[in-house]
Amino acid sequence: KEFVALSTRDRIRAIRDLAMSFEEKKHIRWVLTDKQLKLISFLVRVILRCGYSIRSARQTLELWQGIMKEIGGKFGTSVLSYFLFLKWLLMFNIFSFLINFGFITIPLLVYDPSPNIPPNVSFRGLEILTGAGYFNYTVMYYGGYSNETLIGLVDYNMQLAYFFTIAVYMVLCGIALIFSMASSFKENYVLADTVSNSAWQLLCSWDFSITNERAVRQRKNNLRVQLKVNKTCVTNPLLSVKTKSGEREAETLLVPFVVSLMNLVVPLFYSLFNKFEHYSSLGRQIYALVVRNVLLKMSILAVLCYYWMNVVAEKFSCWESMVGQALYRLVIVDFLFLMLGSFFGEFLSNVIGTRLLPRLGVPEFDVARNVLELIYAQTLAWIGIYFSPLLPAIQILKFFILFYLKKVSLTQNCQPPRRTGRAAQMQTIFIALLFFPFFVGALSIVAYTAWRLTPSEQCGPFRGLNNTFSVVGVWIDDLQEIPASQWVVWIYQNVIRSEIFYFLITLIIIVIIYIFWQVTQGRKQLIGQLRQQIVNVSVLHP
Amino acid sequence: MGNKQTIFTAQQLDAYQDCTYFTRKEILRLFDRYRDLAPQLVPLDYTNHPDVKLPYELIGSMPELKDNPFRQRIAEVFSEDGEGNMTLDDFLDMFSVLSEMAPRDLKASYAFKIYDFNNDDFICKSDLEKTLNRLTRNELTEDEVRMVCEKVIDEADLDNDGRLSLEDFQHMIVRAPDFLSTFHIRI
């Protein structure tokens, strides 16, 4: 009956969603297509075939499909979510690299292909680790970019290009994160209900995708235990002792080394505490671990940023490149430590668990810790984009190698998780964490740099200006000469620079939020009433 | 397009693509998996619609299904004869519904059918007990089984008739966001 309203193509597509046997579906399809005029069904057929071949092509381009299937089959959906998250972050970096390279680096390389390197500097192998030396004078860092308008086929204003490319990328990232977080939140938190615990466990928790026999047995055991255990909770939250990274040595690799060492060792202590503490549910345990790790990483990053903004910016001449190098070193050393972490976390645990202390058993893949490491790595890249536009390329390589490394480590060393967690809700929490505080923090650092700090005099695209934002002011002044673009000037002066506009917008948004909130409250009441009606109706008509 | 295969006619492939969530390549790959189960029974030429059914024992021995405690119910629900013997159409239909592209409502209605052991369109207490026993390897005591089943019915039964209808089940599925990813077999 609903078919009458849809077009033929939609009708055919809707066949798949029917819960009928294949024969019935084919019959409906025959009814829909063969009874139409031959011309219409030919066109519909062509359009459908185009859609199918596009879908086919997109599938061949999909990265790592086979590996994802294998991991999902052996270890379940929660471990798979780590690898999906890694792939998603990789897409951010690929996009960032493409637009940075395309809009900032390529025009410069086309205009001036030979970098102006001082004569006594040559490429030694050490640059790959430290990022200084030869790399300092290339387009890798902020300092390698000129502030001129490049005269070529078109007049290309490097200052505006640099500023707007990075600004647009951050805004797009923010929008993507907000959308992703909102849709994930809607599906996994608002609609989900924590009340129906037992029913959920029973009917929906069986992971049909697991094909490993031992995993299946473990899942069954776990379900049995969970249904038997009554909830006595002994929460013993141990306060974590945070040590600050205060080393400010001249040895450039020492700082990243210490930072990464802390990032590696302290979470292991947290995991150790976990074994001694008792939590009422798996969810609480993971929350505690996540909160501790997040606080640790944020405090490390805060200290480092404070140092860069306040000390490095005053002391050095081409300070943006120095900060870019520091970030480069952090990224590289973090990668080395991630590899070490795999070794200690998974390989050694496996050896200890199987040979030395069989009581501990084979380790499980710690999804929470690994996801947080990914979020931290991505935050470094986001902070670094302003200071080193080609840093995403390093990040892409890093994530690529990390994927294969983690996959091998997982299959060799770990066993499937014994306790079924709420993977979808954890996914929401991780995306929310990625956005706030980490992305917002990175964005704030970059915004603060662009707004408050004076760009260095000798190098980079913003030399000679008071702050980076004044690029836009200069551009607007130039635009005032041209009569055709007066509207841009008007928008800048009356919308972006006026306080009244922001005040009004904030007021309007608050009112809209209030209205939506009231609508939600009303709907909740309606749901309660409808539920009561269902019960009443069934009592009257048993 | 590459019409190099001779197993199906173009119309048959179109029909499969319209009625399942698979692409052309996946359909051919699934045909290969189907044929691998019994190469002597399954012909290489399906253009004249041969009537071939693979017995349940072969289906249940597939690596994707052999460890699943519900494999027999899954095969019964998707097979034409209700016994678990599957034609190629049933086979494709089954993996299409269990793939990641199938929508939640479709999966929910099939999950309901799978858990409904006595095929009476309701999940009653005995169905729940059988489900629980399959999930926990028959190792809970009778009292525990009964208690859990009562709790499930209390929580999920909206119209208070002592058993779960499809609407009750779907209402509960909406509140279980993991369902889409767990009710999923990759092939």
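Cβ from N, Cα, C; glycine included.
Just so you know, TrEMBL annotations are computer predictions that nobody has curated.
A quick note: this is a predicted structure, and the numbers were derived from the prediction, not measured.
Pulled from TrEMBL:
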TRANSMEM  A:88-110  transmembrane segment
TRANSMEM  A:160-179  transmembrane segment
TRANSMEM  A:252-273  transmembrane segment
TRANSMEM  A:285-309  transmembrane segment
DOMAIN    A:318-424  domain 'TMC'
TRANSMEM  A:330-352  transmembrane segment
TRANSMEM  A:380-405  transmembrane segment
TRANSMEM  A:426-451  transmembrane segment
TRANSMEM  A:500-517  transmembrane segment
Outside the transmembrane segment (A:330-352), six or more residues from its ends: residues with CB under 8 Å to it: 128-129, 131, 253, 255-257, 259-261, 263-264, 268, 304, 360, 362-363, 365-366, 369, 373, 376-377, 380-381, 384, 391, 394-395, 398, 401-402, 405-406, 409-410, 412-414
Surrounding residues of the transmembrane segment (A:500-517) on its own chain - C-beta under 8 Å, 6+ positions past either end: 494
For the domain 'TMC' (A:318-424), the number of residues DSSP places in helix, strand and coil: 84 helix, 2 strand, 21 coil
Segment-level pLDDT (mean, integer) for the domain 'TMC' (A:318-424): 86
Close approaches to the transmembrane segment (A:160-179) from elsewhere in its chain (Cβ under 8 angstroms; 6 or more beyond its ends): 92, 95-96, 99-100, 103-104, 107, 145, 382, 385-386, 389, 431, 434-435, 439, 443, 446, 450, 461-462, 468, 471-472, 475
